[in-house]
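Structure record follows, encoded as structure tokens.
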Amino acid sequence: MSSVRIECVAQEGCGIGESPVWDEKEGALLYVDITGRKVCRWSPGTRQAQAIPVDAPVSSVALRKSGDYVITLGTRFAALKWKEELVTTITQVDKDKANTRFNDGKVDPAGRYFAGTMAEEIRPAVLERHQGSLYTLFPDLSVVRHFDQVDISNGLDWSLDHRTFFYIDSLSYSVDAFDYDLQTGKIGNRRSIYKLEKEESIPDGMCIDTEGKLWVACYDGGRVIRLDPETGKRLQTVKLPVDKTTSCCFGGQDYSEMYVTSASDGMDKEWLSRQPQAGGIFKITGLGVKGVPPYPFAG
């Protein structure tokens, strides 16, 4: 495993970097800074990140079939026109709750945008419990709520045969699987496929590789781990030079590079001086596996 290389490619120092997505058309990495309230696009050509400021915590970004992007912003699903820096609300959720916001989101193979909510944090990973829900924005712009009582709605992805939906509610310290119906977008039969060990800390964002194995970023664990969803075994651990690793995706020309976002919120001066790259974006090469290109929202 000595061929694995880790490089900090963008040192913007995000408060909470999240939701990395490779935009093949632009040849660039999209991601968000939740507390910094910006959507970012990093280009390997220029090695620079452009940022578009928004008016609320922005927690995920996804490609859109018709062009540009969709985002989760506060408790809204919204459209983002990049060149115009224009955000328009599609719809709002959690209208009955005063203090929630969206967290992680991802588009399924049929073009539906799944995203979940959580209570606003008092400090990192400290919040009122069971306030969140998991939602889907359909291409016709209708919204379905799958379930509530969620602590921190987080990582999500689908198996290669599209028959299983993988999902993380961070404070359960578990990676869960559901039966998935691609025709309807319905989920059922929830079960845990992996429980995190103490040093792995809190499961956060997640992605899948072309071998059907899951990669999970471990918040406060400073690592991404590779799991076999069939056996429930951990296959590999890649440690990073920052503790607050938040999410991961594959990208680059052939999807053989892994990009990992991180956070700096909640770290004091002394901690930050030990980890000056906290909040940066990392590129991992030499993993020997490739990822699945992201699906665009069909609406």
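Numbering starts at 1 and runs along the chain as it is shown here.
Even glycines carry a Cβ here, placed using N, Cα and C.
Automated prediction, rather than curation, is the source of TrEMBL annotations.
According to TrEMBL, the protein has these features:
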- 16-264: domain 'SMP-30/Gluconolactonase/LRE-like region' (DOMAIN)
- GLU18, ASN154, ASP204: divalent metal cation binding site (BINDING)
- ARG101, ASN103, GLU121: substrate binding site (BINDING)
- ASP204: active site, proton donor/acceptor (ACT_SITE)
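Known features from TrEMBL, placed on the structure.
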residue	record	CB count, 10 Å
GLU18	divalent metal cation binding site	28
ARG101	substrate binding site	23
ASN103	substrate binding site	26
GLU121	substrate binding site	19
ASN154	divalent metal cation binding site	29
ASP204	divalent metal cation binding site	30
Checking the contact step here: among the binding-site residues ARG101, ASN103, GLU121, which have a Cα within 10 Å of the Cα of ASN154 (divalent metal cation binding site)?
ASN103
Of the binding-site residues ARG101, ASN103, GLU121, which sits closest to ASP204 (divalent metal cation binding site) by Cα distance?
ASN103
Beyond the site residues ARG101, ASN103, GLU121: chain residues whose C-beta lies within 8 Å of the centroid, for substrate:
ILE34, PRO57, SER59, THR100, PHE102, THR117, MET118, ALA119, GLU120, LEU127, ILE152
Among ARG101, ASN103, GLU121, these being the binding-site residues, pick the one whose CA is nearest to that of GLU18 (divalent metal cation binding site).
ASN103
ARG101, ASN103, GLU121 bind substrate per the record; greatest CA separation between any two, in Å, is 11
What mean pLDDT score does the domain 'SMP-30/Gluconolactonase/LRE-like region' (16-264) have in the model?
97
Excluding GLU18, ASN154, ASP204 themselves, the divalent metal cation site's Cβ centre has within 8 Å the residues SER19, ASN103, ASP104, ILE152, GLY155, ILE168, SER170, GLY205, ALA217, TYR219, THR246, SER247
